[in-house]
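This report refers to the structure that appears directly beneath it.
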Amino acid sequence: MVIINGRGEFTADEVRAYRQQIYQNVIAAMRVLLDARQKLGYAWKNPERQKNVDAIMRFTASEMMRGIDQPTFAEVAPLIRDFWEDASIKQTYEQRNLFQISDSCLYFFDHINRVAMPDYCPTNRDILFCRKATRGITEHVFEIQRIAFRFIDVGGQRSQRQKWFQCFEGITSILFMVASCEYDQVILEDRRTNRIVESRSVFETIANNKSFSNVSIILFMNKSDLLEAKVPKSDIRQYFADFTGDHNNLRDVQFFLLDKFEHCRRDRRRPFFYHFTTAVDTENIRRVFKDCRETILEQNLKALMMQ
(Lines of atoms letter the chains of each structure in order from A; the text may use other names.)
(Lines give C-alpha, C1' and ligand atoms only; values in the text may rest on other atoms or scores of the structure.)
Protein backbone atom coordinates (compact mmCIF):
# COMPACT_ATOMS: atom_id res chain seq x y z
CA MET A 1 0.00 0.00 0.00
CA VAL A 2 2.91 2.37 0.70
CA ILE A 3 4.30 1.65 -2.77
CA ILE A 4 1.01 2.00 -4.63
CA ASN A 5 -0.95 4.60 -2.67
CA GLY A 6 1.44 6.03 -0.09
CA ARG A 7 4.69 7.91 -0.35
CA GLY A 8 5.92 5.56 -3.08
CA GLU A 9 9.17 4.99 -1.21
CA PHE A 10 10.33 4.08 2.27
CA THR A 11 12.34 6.19 4.72
CA ALA A 12 15.98 5.34 5.45
CA ASP A 13 15.00 4.00 8.88
CA GLU A 14 12.30 1.80 7.35
CA VAL A 15 14.74 0.43 4.77
CA ARG A 16 17.28 -0.41 7.50
CA ALA A 17 14.59 -2.20 9.48
CA TYR A 18 13.50 -4.17 6.42
CA ARG A 19 17.11 -5.12 5.69
CA GLN A 20 17.49 -6.62 9.16
CA GLN A 21 14.15 -8.39 8.79
CA ILE A 22 15.21 -9.86 5.44
CA TYR A 23 18.43 -11.16 7.00
CA GLN A 24 16.30 -12.73 9.73
CA ASN A 25 13.89 -14.22 7.16
CA VAL A 26 16.70 -15.91 5.25
CA ILE A 27 18.48 -17.37 8.28
CA ALA A 28 15.21 -18.50 9.87
CA ALA A 29 14.12 -20.24 6.66
CA MET A 30 17.38 -22.14 6.30
CA ARG A 31 17.22 -23.17 9.97
CA VAL A 32 13.76 -24.63 9.32
CA LEU A 33 15.00 -26.51 6.25
CA LEU A 34 18.04 -27.91 8.04
CA ASP A 35 15.89 -29.13 10.90
CA ALA A 36 13.25 -30.58 8.56
CA ARG A 37 15.88 -32.33 6.42
CA GLN A 38 17.12 -34.20 9.47
CA LYS A 39 13.61 -35.13 10.62
CA LEU A 40 12.61 -36.32 7.15
CA GLY A 41 15.77 -38.43 6.96
CA TYR A 42 17.11 -37.05 3.68
CA ALA A 43 20.84 -37.71 3.25
CA TRP A 44 23.23 -34.96 2.18
CA LYS A 45 24.36 -35.17 -1.41
CA ASN A 46 27.64 -33.76 -0.10
CA PRO A 47 28.17 -35.03 3.49
CA GLU A 48 30.84 -32.35 4.05
CA ARG A 49 28.03 -29.83 4.45
CA GLN A 50 27.02 -31.32 7.80
CA LYS A 51 29.98 -29.69 9.55
CA ASN A 52 28.58 -26.22 8.77
CA VAL A 53 25.09 -26.83 10.15
CA ASP A 54 25.89 -25.48 13.62
CA ALA A 55 26.96 -22.14 12.13
CA ILE A 56 23.32 -21.59 11.13
CA MET A 57 21.59 -23.36 14.01
CA ARG A 58 23.62 -21.49 16.68
CA PHE A 59 21.45 -18.37 16.51
CA THR A 60 19.21 -18.09 19.56
CA ALA A 61 15.63 -16.83 19.48
CA SER A 62 16.64 -13.65 21.31
CA GLU A 63 19.43 -12.97 18.80
CA MET A 64 16.97 -13.38 15.94
CA MET A 65 14.49 -11.05 17.66
CA ARG A 66 17.13 -8.37 18.23
CA GLY A 67 18.03 -8.41 14.56
CA ILE A 68 20.89 -9.63 12.38
CA ASP A 69 23.50 -7.10 11.28
CA GLN A 70 25.20 -7.05 7.88
CA PRO A 71 28.62 -8.47 8.92
CA THR A 72 26.94 -11.40 10.67
CA PHE A 73 24.76 -12.14 7.67
CA ALA A 74 27.73 -11.85 5.30
CA GLU A 75 29.51 -14.58 7.30
CA VAL A 76 26.70 -17.12 6.99
CA ALA A 77 25.40 -16.21 3.51
CA PRO A 78 27.94 -18.44 1.66
CA LEU A 79 26.92 -21.36 3.87
CA ILE A 80 23.23 -20.75 3.21
CA ARG A 81 23.92 -20.58 -0.53
CA ASP A 82 25.89 -23.83 -0.34
CA PHE A 83 23.15 -25.58 1.65
CA TRP A 84 20.54 -24.44 -0.86
CA GLU A 85 22.54 -26.09 -3.66
CA ASP A 86 22.34 -29.50 -1.97
CA ALA A 87 19.70 -31.84 -3.41
CA SER A 88 18.56 -32.89 0.07
CA ILE A 89 17.61 -29.32 0.98
CA LYS A 90 15.75 -28.89 -2.32
CA GLN A 91 13.97 -32.19 -1.63
CA THR A 92 13.05 -30.94 1.84
CA TYR A 93 11.72 -27.69 0.41
CA GLU A 94 9.38 -29.66 -1.87
CA GLN A 95 7.80 -31.09 1.30
CA ARG A 96 7.28 -27.63 2.85
CA ASN A 97 3.56 -28.17 3.43
CA LEU A 98 4.65 -30.50 6.28
CA PHE A 99 6.30 -27.72 8.29
CA GLN A 100 6.15 -23.97 8.90
CA ILE A 101 8.29 -21.89 6.53
CA SER A 102 7.91 -18.54 4.82
CA ASP A 103 6.82 -18.86 1.19
CA SER A 104 9.15 -15.97 0.29
CA CYS A 105 12.35 -17.84 1.15
CA LEU A 106 12.81 -19.11 -2.42
CA TYR A 107 12.98 -15.52 -3.67
CA PHE A 108 15.71 -14.56 -1.21
CA PHE A 109 17.70 -17.78 -1.68
CA ASP A 110 17.79 -16.99 -5.39
CA HIS A 111 19.02 -13.44 -4.63
CA ILE A 112 21.33 -14.23 -1.73
CA ASN A 113 24.50 -12.93 -3.41
CA ARG A 114 22.92 -9.49 -3.83
CA VAL A 115 21.37 -9.53 -0.35
CA ALA A 116 24.76 -10.37 1.22
CA MET A 117 26.55 -7.39 -0.38
CA PRO A 118 27.91 -4.81 2.12
CA ASP A 119 25.99 -1.98 0.46
CA TYR A 120 22.75 -3.97 0.09
CA CYS A 121 19.68 -1.74 0.08
CA PRO A 122 16.33 -3.56 -0.19
CA THR A 123 14.35 -2.78 -3.32
CA ASN A 124 10.60 -2.28 -3.24
CA ARG A 125 10.24 -5.83 -4.56
CA ASP A 126 12.49 -7.18 -1.79
CA ILE A 127 10.28 -5.41 0.74
CA LEU A 128 7.17 -6.95 -0.80
CA PHE A 129 8.68 -10.40 -0.22
CA CYS A 130 9.85 -9.59 3.31
CA ARG A 131 7.76 -11.33 5.98
CA LYS A 132 6.95 -10.03 9.44
CA ALA A 133 3.90 -11.16 11.36
CA THR A 134 1.47 -8.38 12.26
CA ARG A 135 1.41 -7.99 16.03
CA GLY A 136 -1.34 -5.94 17.61
CA ILE A 137 -3.12 -3.26 15.60
CA THR A 138 -1.59 -0.75 13.22
CA GLU A 139 -3.26 2.09 11.36
CA HIS A 140 -2.34 3.53 7.96
CA VAL A 141 -3.89 6.49 6.17
CA PHE A 142 -3.56 6.72 2.39
CA GLU A 143 -4.96 9.14 -0.14
CA ILE A 144 -6.33 7.27 -3.14
CA GLN A 145 -7.35 9.55 -6.00
CA ARG A 146 -7.80 12.49 -3.61
CA ILE A 147 -9.93 10.54 -1.14
CA ALA A 148 -8.53 9.60 2.28
CA PHE A 149 -8.78 5.96 3.29
CA ARG A 150 -7.94 4.73 6.78
CA PHE A 151 -6.70 1.13 6.90
CA ILE A 152 -6.57 -0.76 10.20
CA ASP A 153 -4.30 -3.81 10.02
CA VAL A 154 -4.94 -6.52 12.60
CA GLY A 155 -2.87 -9.61 13.36
CA GLY A 156 -4.39 -12.87 12.17
CA GLN A 157 -2.90 -15.13 14.83
CA ARG A 158 -5.31 -16.59 17.38
CA SER A 159 -3.65 -14.63 20.19
CA GLN A 160 -4.35 -11.35 18.40
CA ARG A 161 -8.04 -11.78 17.62
CA GLN A 162 -9.46 -10.64 20.95
CA LYS A 163 -8.05 -7.18 20.15
CA TRP A 164 -9.95 -6.80 16.87
CA PHE A 165 -13.36 -5.57 17.89
CA GLN A 166 -12.02 -2.64 19.89
CA CYS A 167 -11.00 -0.98 16.62
CA PHE A 168 -13.92 -1.97 14.37
CA GLU A 169 -16.31 0.82 15.37
CA GLY A 170 -17.18 3.10 12.46
CA ILE A 171 -15.59 0.98 9.74
CA THR A 172 -17.18 0.93 6.30
CA SER A 173 -15.51 -2.12 4.75
CA ILE A 174 -13.64 -5.24 5.80
CA LEU A 175 -10.83 -6.48 3.57
CA PHE A 176 -10.30 -10.13 4.46
CA MET A 177 -7.10 -11.72 3.17
CA VAL A 178 -6.77 -15.48 2.60
CA ALA A 179 -3.59 -17.24 1.44
CA SER A 180 -5.31 -19.45 -1.14
CA CYS A 181 -2.19 -21.59 -1.66
CA GLU A 182 -2.30 -22.92 1.91
CA TYR A 183 -4.97 -25.58 1.37
CA ASP A 184 -2.44 -28.31 2.21
CA GLN A 185 -0.90 -26.63 5.27
CA VAL A 186 -1.73 -26.43 8.98
CA ILE A 187 -1.61 -23.46 11.34
CA LEU A 188 1.35 -22.82 13.64
CA GLU A 189 -0.73 -22.69 16.83
CA ASP A 190 -1.81 -26.34 16.95
CA ARG A 191 -0.14 -27.92 13.89
CA ARG A 192 -3.37 -29.80 13.12
CA THR A 193 -5.96 -27.35 11.82
CA ASN A 194 -5.95 -26.78 8.07
CA ARG A 195 -5.15 -23.14 7.31
CA ILE A 196 -8.06 -22.69 4.91
CA VAL A 197 -10.44 -24.20 7.47
CA GLU A 198 -9.07 -21.82 10.12
CA SER A 199 -9.43 -18.79 7.83
CA ARG A 200 -12.97 -19.83 6.92
CA SER A 201 -13.88 -20.10 10.61
CA VAL A 202 -12.65 -16.56 11.28
CA PHE A 203 -14.39 -15.27 8.14
CA GLU A 204 -17.66 -16.93 9.18
CA THR A 205 -17.54 -15.19 12.57
CA ILE A 206 -16.99 -11.80 10.96
CA ALA A 207 -19.35 -12.21 8.00
CA ASN A 208 -22.26 -13.21 10.25
CA ASN A 209 -21.66 -10.65 12.99
CA LYS A 210 -24.69 -8.38 13.32
CA SER A 211 -22.40 -5.43 14.07
CA PHE A 212 -21.26 -5.57 10.44
CA SER A 213 -24.70 -5.83 8.82
CA ASN A 214 -24.08 -2.66 6.80
CA VAL A 215 -20.37 -3.21 6.22
CA SER A 216 -19.19 -4.43 2.82
CA ILE A 217 -16.85 -7.41 2.92
CA ILE A 218 -14.16 -7.73 0.26
CA LEU A 219 -12.47 -11.12 0.19
CA PHE A 220 -8.95 -11.31 -1.21
CA MET A 221 -8.04 -14.85 -2.29
CA ASN A 222 -4.35 -13.99 -2.25
CA LYS A 223 -1.14 -15.69 -3.45
CA SER A 224 -2.67 -16.78 -6.74
CA ASP A 225 0.81 -17.18 -8.21
CA LEU A 226 1.80 -19.69 -5.53
CA LEU A 227 -1.53 -21.47 -5.87
CA GLU A 228 -0.98 -21.86 -9.61
CA ALA A 229 2.43 -23.44 -8.96
CA LYS A 230 1.09 -25.74 -6.25
CA VAL A 231 -2.07 -27.10 -7.90
CA PRO A 232 -0.27 -29.57 -10.24
CA LYS A 233 1.95 -30.81 -7.40
CA SER A 234 -0.43 -31.09 -4.44
CA ASP A 235 -3.78 -32.84 -4.96
CA ILE A 236 -6.43 -30.79 -3.17
CA ARG A 237 -8.62 -33.90 -2.85
CA GLN A 238 -6.23 -35.20 -0.20
CA TYR A 239 -7.23 -32.28 2.04
CA PHE A 240 -10.81 -31.58 0.95
CA ALA A 241 -12.74 -34.76 0.19
CA ASP A 242 -15.73 -32.74 -1.09
CA PHE A 243 -13.77 -31.33 -4.04
CA THR A 244 -15.39 -32.65 -7.25
CA GLY A 245 -13.75 -30.55 -9.97
CA ASP A 246 -10.56 -31.06 -11.95
CA HIS A 247 -7.85 -31.07 -9.27
CA ASN A 248 -5.27 -29.97 -11.86
CA ASN A 249 -7.33 -26.99 -13.01
CA LEU A 250 -6.45 -23.69 -11.32
CA ARG A 251 -9.88 -22.11 -11.81
CA ASP A 252 -11.67 -25.16 -10.42
CA VAL A 253 -9.52 -25.01 -7.30
CA GLN A 254 -9.87 -21.23 -6.96
CA PHE A 255 -13.66 -21.25 -7.12
CA PHE A 256 -13.93 -24.29 -4.86
CA LEU A 257 -11.96 -22.41 -2.20
CA LEU A 258 -13.96 -19.24 -2.81
CA ASP A 259 -17.22 -21.16 -2.32
CA LYS A 260 -15.96 -22.34 1.07
CA PHE A 261 -16.08 -18.73 2.21
CA GLU A 262 -19.09 -17.47 0.32
CA HIS A 263 -21.36 -20.32 1.44
CA CYS A 264 -20.75 -19.66 5.13
CA ARG A 265 -22.53 -16.30 4.91
CA ARG A 266 -26.02 -16.68 6.36
CA ASP A 267 -27.40 -13.40 5.00
CA ARG A 268 -26.80 -13.37 1.25
CA ARG A 269 -28.30 -9.88 0.98
CA ARG A 270 -25.30 -8.35 2.69
CA PRO A 271 -22.75 -6.87 0.27
CA PHE A 272 -19.91 -9.24 -0.59
CA PHE A 273 -17.13 -8.93 -3.16
CA TYR A 274 -14.05 -10.99 -3.97
CA HIS A 275 -10.79 -10.76 -5.91
CA PHE A 276 -8.08 -13.26 -6.81
CA THR A 277 -4.84 -11.44 -6.01
CA THR A 278 -1.06 -11.68 -6.02
CA ALA A 279 0.19 -9.26 -3.36
CA VAL A 280 3.76 -9.09 -4.69
CA ASP A 281 2.44 -8.02 -8.12
CA THR A 282 1.99 -4.28 -7.69
CA GLU A 283 0.06 -3.86 -10.94
CA ASN A 284 -2.40 -6.57 -9.93
CA ILE A 285 -2.93 -4.94 -6.54
CA ARG A 286 -3.20 -1.49 -8.13
CA ARG A 287 -6.07 -2.71 -10.33
CA VAL A 288 -7.74 -4.50 -7.45
CA PHE A 289 -7.61 -1.49 -5.14
CA LYS A 290 -9.01 0.71 -7.84
CA ASP A 291 -12.00 -1.64 -7.94
CA CYS A 292 -12.12 -1.72 -4.13
CA ARG A 293 -12.16 2.06 -3.97
CA GLU A 294 -15.20 2.18 -6.22
CA THR A 295 -16.90 -0.56 -4.19
CA ILE A 296 -16.27 1.20 -0.88
CA LEU A 297 -17.45 4.56 -2.19
CA GLU A 298 -20.56 3.02 -3.73
CA GLN A 299 -21.46 1.22 -0.50
CA ASN A 300 -20.90 4.39 1.54
CA LEU A 301 -23.16 6.34 -0.81
CA LYS A 302 -25.91 3.74 -0.44
CA ALA A 303 -25.59 3.87 3.35
CA LEU A 304 -25.86 7.67 3.36
CA MET A 305 -28.95 7.59 1.16
CA MET A 306 -30.65 5.19 3.60
CA GLN A 307 -30.04 7.42 6.63
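Think of each number as a place in line: the chain as shown, counted from 1.
Each residue, glycine too, has its Cβ placed from N, Cα and C.
Per TrEMBL, GTP binding site is recorded for 103-104, 128-134, 153-157, 222-225, A279. The annotation Mg(2+) binding site is assigned in TrEMBL to T134.
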Original post:
Where's the emptiest Cβ shell within 10 Å among the binding-site residues K132, K223?
Top reply: K132
**OP:** Look up F129 (GTP binding site) in the DSSP assignment and reduce it to helix, strand or coil.
**Re:** helix
Original post:
What is the total of other Cβ atoms whose distance to the Cβ of D103 (GTP binding site) is within 10 Å?
Top reply: 18
Subject >> Secondary-structure category, per DSSP, in which D103 (GTP binding site) falls >> reply: coil
**OP:** Let me know how many other Cβ atoms fall within 10 Å of the Cβ of A279 (GTP binding site).
**Re:** 17
Subject >> For F129 (GTP binding site): intrachain residues, at least 6 apart, with Cβ closer than 8 Å >> reply: S104, Y107, F108, V280
